[in-house]
Each structure stands twice: as C-alpha cells, then as structure tokens.
C-alpha cells in the first residue's frame, strides 16, 4: 500500500460537508468514488478537518492508501477528471510515509471567514460570503476577539453535537480586519471544536453592529454555557485555508 | 420625469447578456421588470456598455426615467428587493440631469479579464474565470499586447455581428500581469467593438502558451481580417469594471 497526501479545494455549497453522510452528497464520498474508479479499490479518505455543510476549503489536506502502483501526478489528473462536475479539485498529490496521517499528524489549522459588508445584496459572491448590510466596526470586533485568544474552555462556542471530550482549546490567533467592503476574520489553533469558528464570528458580528459590547464576548466565554452564545455565523462565509504538519 | 443613474453589479452566468433579448433572460429585462413593479411605469434601461451572454459587471452605469416621485435610496432598496433571486444588485442610485446619458455621455470604459492559470480544474471560481491549465508567460502576453494599444482598425478583433460603423478605435491601455496563479488583463478605451476584448485576450493567450509569437499579434491586427484572429476567449472571465463620465 502506498499513502498519498492530497490537497483539496472545494466549494462546499452542494455538499452536506466533507465527511461522508447518510443523507446527502459529501466531499469524502465523491473523492472515494473517484479513487475507486481509478484504482478499483475501496479507499477511505482521511482529512485534517471535518467541515460542515456549505463550508469551503482552499487547501484541505487529506490522505488515502492505495495498493495499485500509480504516479502521484497521474493519480491527481485521474481524480480531477473523474470529480467533474463536482466542484472539488485536487491541487497537489504526493507520496507520504505510512505513518503520516492527515488528521493525527496535523499540528495546526487555519480558517478564514469572509463577511461582505455592504447595503446591496450579493451577486458574484453569493454562497461565498456572509452578507451583512449594517456597517460593521471591524476594529471593535478585533479588540473583542482578543478575549478569546489563548487557552480557554470554549463550551459557549461549541455545537451541542460536538464530539470532542475536552472543551478546553488553545486559540492562537483571531484577527479581524476590514478590506474595502469586506470584513475578514482569520483564526488559527492546533484544533477547533465543532462550530467554534462560526460561533465566534457570529458573536463578533454582534459586537461589530453595536448590539453587544466588547466586554460581553469575554462574559460569554466565562459563562461556559452554549445558551450564552450570541449568534452562529452561516457556513457560506467559512473557508478552511491551511493545515500545518511538523515537516512544513 | 426624473432621470436616475444606477450602478449595477451582476453575475452574467444566467443571462443572455445585458441587453434585452427575445430568446432568453437579460439584465435589462430583469431591471425593467423590477422598475415597473416599483413605479407601475414601463421604463427603458440604458447602459454604458452592452455585455454579452455570460459576461459579468462590477460597476455597470445605467439610467432610467421615472415619473413617480421617489427618493433614490428608496428606489435602490426596492429594486434590490425585487431583483432577488436574480444575481443583479444596484450598488448606487442617484438623480442626474435630464441630458446625462449612461451610454452617450460615457467617455471611457474599462474591462478586466481573469484567467485562472493552474493545472487543477476550478471549483469556487467556476464561471468566474477562464481556466487555462498550460502555464502562461504573462510577460510575453503583455509585450505582445502593446502592439494593440493606440488608434487602429480593429477589424480582426471584432465580431462578425458588430454593428459599429467604423472599425477604427483607440485602445488606451492593455495591460497583462500575473497575480499568483492568475493572469489578469486590463483594457481601457473610450469604446470597444463587439467582442473586441475577448478577441484580444484569446489571441494573447496563444502568445502566452507559446503557440503564437509576439509579432503575430501585430500581423493579425495589420491583416484587418477576422479570419486572422487567433482565438476568442470565453465570456466567463470578462468583467465590465468601470465607466467614466466627464464629471468624474
């Protein structure tokens, strides 16, 4: 068996998420089906993160094991040909050691969240950003975000369905900046709880609109209570942008 | 009657073009229908440019005349509400003098053409860029483009259906630059012939792939013959980005 590491880009819009689901199409199912068509083998795709329905990826790192002898470039080309018309692309493919694991070897993950902050509805960006018509104070959002950076119990900012045993995580970075009529939020951590980024962004958006004070974000964190959450941001603005491994 | 100037953004994908067509949906028909729903009046939308099927706009300038008394901001909000779910947004709306004409007062037009130059198929950018897998030499494309700048007979680079009386136009700027894995072409002129930008881009793409020499672009221009054209670039990479008026 040879282990291949893949870097995937996908538009999450048509999928129920990255992970295989019983009730609809997933990125995993599409890639595994393409790999089966190339190799004749039943393979399992492992990924650095598990993105929700509608969440996008610019560079999701994954791996799969294949018995068939095939060059990485040829595997990539064959998968890309078979994945059409699904909006999933293999950007890179290489052979990795058998003990390299897309999920367990990963030591850092980064997400970007894009808010289109303008009065007019979205056209070209539809499905690819969260549209907020009311003007956001990105500087206030950034200041409030700093209360979430560090090692904390993120119970307030996790989904009720989160399967992680421990709600304590270390958030390395949570930066908010304005880029013309967009507000971009970047989050980095070794790992995140389920819905953590969207929960944090939703709450910061309340600060940006003046509905919450900056101090209320710290209070919500301290409450360690999901019902203290301000708002869950929608999936279409979220992008998985980077997975970090020791060898990088 | 009050004349309102509108700035429109639209995703050209679902439309047969900006101009009203008998055989399918157009941006003009959608905006005129929304304006009729707001005012009860049959209005005509005039625009700075006439974009083809599939071509996008980031800021198309238009105007329409309305008898009903309505604030520009209210008109904009009402049009945006009625245009859903069409991917057309009114970004700005203001009252202009009766002699201001979106098309005839316009003294400059700018287009941008986006090429996604990478091996992998497109996902998030699908329908919003021309995908070219083979590596392009953007510097060679830029050098070749300079032969087209200036006052020329652009017969080679106009559609057979072009209705302009005179094929002589002055191209003020045609810049090609690489931005990461994209090649972006910017074109500026007082006005363009039908299909001129896509014809120029398609031919430059042949230069970028080494299929045409830089000198062949100048030869094609000198031929003043449509059959000397290299290639017509597809519509999905083209964006109308700016219309210039004397008061700007």
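These residue numbers are counts, starting from 1, taken along the chain as shown.
Glycine is no exception: its Cβ is also placed from the backbone N, Cα and C atoms.
Per TrEMBL, these features apply:
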DOMAIN    A:10-104  domain 'Pseudouridine synthase I TruA alpha/beta'
ACT_SITE  A:52  active site, nucleophile
BINDING   A:111  substrate binding site
DOMAIN    A:144-246  domain 'Pseudouridine synthase I TruA alpha/beta'
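Between the CA atoms of the residue listed as 'active site, nucleophile' and the residue listed as 'substrate binding site' there is a gap of 13 Å.
The Cβ of residue A:111 (substrate binding site) lies under 8 Å from the Cβ of A:186, A:187, A:188, A:192, A:197, A:238, A:239, A:240, A:241, each on the same chain and at least six residues away in sequence. The average pLDDT computed over the domain 'Pseudouridine synthase I TruA alpha/beta' (A:144-246) stands at 95.
The domain 'Pseudouridine synthase I TruA alpha/beta' (A:10-104): residue composition by secondary structure is 25 helix, 27 strand, 43 coil, according to DSSP.
Of all the Cβ atoms in the protein chains shown, 18 others lie within 10 Å of the Cβ of residue A:52 (active site, nucleophile).
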